[in-house]
Amino acid sequence: MDGWDVPGYTALRELGAGAFGRVVLAVRDADGRRFAVKCPAGGGPRAGFAEEARLLGAVRSRHVVRFVEYVDRGVDGGAAIVMEAVSGRTLKEVLAAQGALRPEAALSVFRGILRALSDAHRAGVAHRDCKPGNVLVDERGAVTLVDFGVAGRIGADAASIGTPAYMPPEQWQGLPASPAGDLYAATAVFFECLTGHRPYRGDYLPNLAAQHMHAPVPDAEAPEPLRHLVRRGLAKRPEERPADAASFRADAEAAARRAYGRFWERKGRAALADAPACGRPLPRPLPDGPWALAA
Ligand SMILES: Nc1ncnc2c1ncn2[C@@H]1O[C@H](COP(=O)(O)OP(=O)(O)OP(=O)(O)O)[C@@H](O)[C@H]1O
């Protein structure tokens with residue numbers, strides 16, 4: 001693979017690329033196991049990449065991609081974050097292929113994201129870039145949160161960066177990273193799953209910022225039994241949002257049971273697994289031990 005050089009790993013194929021990095025499926029030469037390896041865009045070292053590794057490494061969760069190691073090749077040599085390779089595709093791809101999800105599927109995604117955030121927050125980390133492109137959905141409908149590229153320690157000063165369509169009012173203002181900000185972004189993603197579009201539209205940043213800060217929450221577009229979740233999650237003031245990800249999850253589960261019955265999650269995951277564009281499973285792991293790359 002062009003220009004790709006991470007000692008101890010051999011590249012197989014690209015899994016995805018974003019503004020900051022390129023993620024490649026690679027084999028660890030020592031034992032033949034496959035991992036996702038993220039290198040900064042352009043191949044060189046990038047300020048903050050080591051911090052991304054540190055923050056990701058601090059989080060232990062079944063719903064957050066597992067950190068394996070940070071490879072640093074010195075000032076001129078570039079860096080890489082080695083992670084568990086997650087199968088499936090991004091929620092962004094799912095939404096592009098199918099538009100709005102049925103409410104049970106949207107709730108199942110929301111629940112998974114809130115579990116991930118709750119574990120991250122417990123580790124003192126705010127994600128700050130929760131969006132469909134950073135949520136992977138596997139062939140069983142399970143979700144995994146990736147990309148801690150703009151994450152920060154809770155309470156630490158933070159730059160006003162993120163993804164505008166999902167950014168809470170306080171992130172537009174460059175206020176410190178907080179769990180409440182992540183709950184806002186997670187609710188914006190939930191809203192998009194329910195309706196097929198983002199809560200506030202437009203590409204002109206000042207206008208989008210104004211909507212996030214002042215426009216009424218478009219909760220009426222969500223199914224009636226779930227509107228209170230949208231209203232609270234997208235509240236303009238952080239203190240008006242749910243107290244934490246765990247209690248928000250409990251509220252969402254209670255609303256789901258009331259509106260869609262005891263088996264709501266089973267139905268939601270089945271719907272996700274059946275969604276078009278679904279199922280880009282990684283090749284099955286080979287038995288332990290080194291293995292030759294297929295031609
Ligand atoms: N552990 C992983 N397993 C499988 N695919 C992954 C993994 N991590 C990332 N990806 C894929 O790579 C893409 C880019 O990764 P990531 O979001 O970390 O890069 P980025 O440059 O920080 O992106 P962004 O521009 O969104 O900030 C993801 O959208 C996803 O499709």
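Placement of Cβ uses the backbone N, Cα and C atoms for every residue, glycine included.
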Per TrEMBL record, range annotated region 'Disordered' [choices 86-106, 107-127, 149-169, 275-295]:
275-295
When you measure from the Cβ of LYS38 (ATP binding site), how many other Cβ atoms are you left with inside 10 Å?
29
